[in-house]
Amino acid sequence: MMSRQAFLCSLGSLYLSLLFVFLLMDVYARPANNSVLKEKAADSKDENEILPPDHLNGVKMEMDGHLNKEFHQEVFLGKEMEEFEEDSEPRKNRKKLMVIFSKVDINNDKKISAKEMQRWIMEKTDEHFQEAVEENKMHFRAVDPDGDGHVSWDEYKIKFLASKGFNEKEIAEKIKNNEELKIDEETQEVLDNLKDRWYQADNPPPDLLLNEEEFLSFLHPEHSRGMLKFMVKEIIRDLDQDGDKKLTLSEFISLPVGTVENQQAQDIDDDWVRDRRKEFQEVIDANHDGIVTMEELEEYMDPMNEYNALNEAKQMIAVADENQNHHLELEEILKYSEYFTGSKLMDYARNVHEEF
């Protein structure tokens, strides 16, 4: 007969096993998203500083081809986005939202037009640009330790490999002596892709040395028209299955999705595909011919495109425009606060009257 202690130990082991299985199911039930995986993997401070970020604030698509789920909030809140947390006090969030409303409503007519929203979106996008510029100054110093104002590919390569756990002095010595580096296949593939980006960011005349401005283009391709084109080519290369350098709807929605065969996973996958189909048909495919060209994707990706900003403004208004007057009133924004801020405000109508 099993002793009581042995039984409890056995029960504990069974519980841990079941917990592990449930955790695995939760992970694999989600659509594959390299953005999230990279964020979790890049827990080294140095690596975060020198690796081009996959997520670019104020840009509609991630570097890996996933849609930017926070785009609406980024272009509506700007730097204030971090202040709207789910567990924040609703009353404080209402006040913040009311302040933002008054800033967007520049003619003080108590409603926001598409033109006013467009102007605000462009302003918040530029804010993200300036933030990237400031961060780049710090990141550039991290890879330019001698402070000569230029970084060579070898200097960057040494810092990158050091962030991956390689011995910096040993790597530097081997590169200096043109010795072979023993690098795993995955790291080498990342290095090859980064080197392509390095070449693209190196403005004429090419010298393989990046100054601070060129390094900004390397980290943030949205700051350079040439690098924006390169980013589009990279996305199309990853999604284009027949090699025609264009995207069909089926190619655009065929990124890896969940792998667990259960209803929860299927629901997540269905939502993911539905979002991508809608974005493709209604926004990216500008002439609605069922094909997205590099030019169309480039216009879609360009964060400073005024026509796109106006289109985005109209879409944002349509989400909350309950009285169909093509404007947003404060009550409508408060009611649909989760869309604009990620934070849901309860009892919005009663609270508005309290504020006034």
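Note that Cβ sites are derived from N, Cα and C of the backbone, with glycine treated the same way.
These come from TrEMBL:
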{"type": "SIGNAL", "residues": "1-29", "note": "signal peptide"}
{"type": "DOMAIN", "residues": "92-127", "note": "domain 'EF-hand'"}
{"type": "DOMAIN", "residues": "131-166", "note": "domain 'EF-hand'"}
{"type": "DOMAIN", "residues": "227-262", "note": "domain 'EF-hand'"}
{"type": "DOMAIN", "residues": "282-307", "note": "domain 'EF-hand'"}
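Cβ atoms under 8 Å from those of the domain 'EF-hand' (282-307) belong to residues 58-61, 118, 122, 125-126, 128-129, 222, 228-229, 231-233, 235-236, 245-249, 252 of the same chain, restricted to positions at least 6 beyond its ends. In the domain 'EF-hand' (282-307), the DSSP tally of helix, strand and coil residues is 13 helix, 2 strand, 11 coil. With DSSP classes pooled into helix, strand and coil, the tally for the domain 'EF-hand' (131-166) is 24 helix, 2 strand, 10 coil. Helix, strand and coil counts under DSSP for the domain 'EF-hand' (92-127) come to 27 helix, 1 strand, 8 coil. The average pLDDT for the domain 'EF-hand' (227-262) in the predicted structure is 84.
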